[in-house]
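Report on one structure; see the data block that follows.
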Amino acid sequence: MSYFTQEQKTQWKDNGFVHLKGFLNEALAQDIKDWTQELYEWEEAPGKWMKYFETSSDTGERLLCRVENFIDYHKGIKGFLCGEMIYGMVSELMGEQAVLFKEKINFKYPGGAGFAYHQDAPAFTSFGQKYHITMMVSVDASNEENGCLRMAHGFSEEKTLEQEPDGTVCKKLAAKLDWRPLETGPGDLVLFNSYVPHYSEANTSDRSRRAMFITYNRLSEGEKRLDYFKDKREKFPPEAERIEGKDYSSAESLYNLGNPIK
């Protein structure tokens with residue numbers, strides 16, 4: 001049994017990503033919206049889930065940018081992200097058994113900043129793994145106005161591009177890529193490998209652009225999720241765990257690549 005049509009397999013082969021429109025049924029899409037709101041309402045909790053913030057470009061207020069490391073504290077989300085269907089889909093694309101590497105939700109509220117041109121691989125491969133697949137779950141509708149994902153089309157090579165000093169894709173190279181907006185609806189899934197260049201613009205609308213970004217790796221390359229979050233908590237902790245006056249900028253190319261988090 002395959003989870004993908006031949007057309008979707010071709011899209012994956014040619015571009016390194018595939019867009020599954022309306023994949024989740026209405027009930028599950030609503031559950032994901034409800035769960036995302038629950039995580040938004042959770043208080044900051046040092047040593048548990050990790051909340052990161054940004055500053056609104058519109059009002060200057062503190063906005064929740066993302067939450068990470070939450071599946072151990074939410075049964076519903078864990079059941080979905082680590083269930084037979086999702087593992088089966090990702091494993092099919094990988095050609096072997098997949099395992100969860102890390103999980104996050106980007107909230108991108110009105111006034112939220114964009115994410116610079118980047119590939120995920122340079123940050124992910126630091127844990128001794130060569131290949132990852134990220135699944136974006138569209139919580140809200142996303143379009144150009146609220147900062148949808150923009151993907152480089154026709155990039156099927158598994159190679160790391162030349163980078164700027166901050167780890168983002170070299171601007172001269174980025175200018176040559178075929179960038180296209182990828183608009184989504186609630187319940188859409190987008191799966192992409194860790195070498196596909198992507199970015200997004202700021203949210204200039206009055207609506208949120210919430211999305212889950214769930215990353216998996218090959219089981220044969222090890223289960224590194226706990227190692228990842230342990231290292232991130234030490235080197236680039238959430239605001240609630242930071243030591244006043246300590247400089248965390250040295251870890252930004254690994255843990256804040258192309259991101260608006262300060």
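Glycine too: its Cβ is placed from the backbone N, Cα and C atoms.
What you are looking at is a predicted structure, and each value in this text was computed from that prediction instead of being measured.
Sequence-distant contacts of Lys108 (2-oxoglutarate binding site), defined by Cβ-Cβ distance under 8 angstroms and a gap of at least six in the same chain, are Cys65, Asn146, Gly147, Ser200, Asn203, Ser208, Arg209, Arg210, Ala211. Annotated 2-oxoglutarate binding site per Swiss-Prot: Lys108, in sequence order, evidence recorded as similarity to another entry.
For His118 (Fe cation binding site), the number of other Cβ atoms no farther than 10 Å from its own Cβ, over all displayed protein chains, is 22. The annotation Fe cation binding site is assigned in Swiss-Prot to His118, Asp120, His198.
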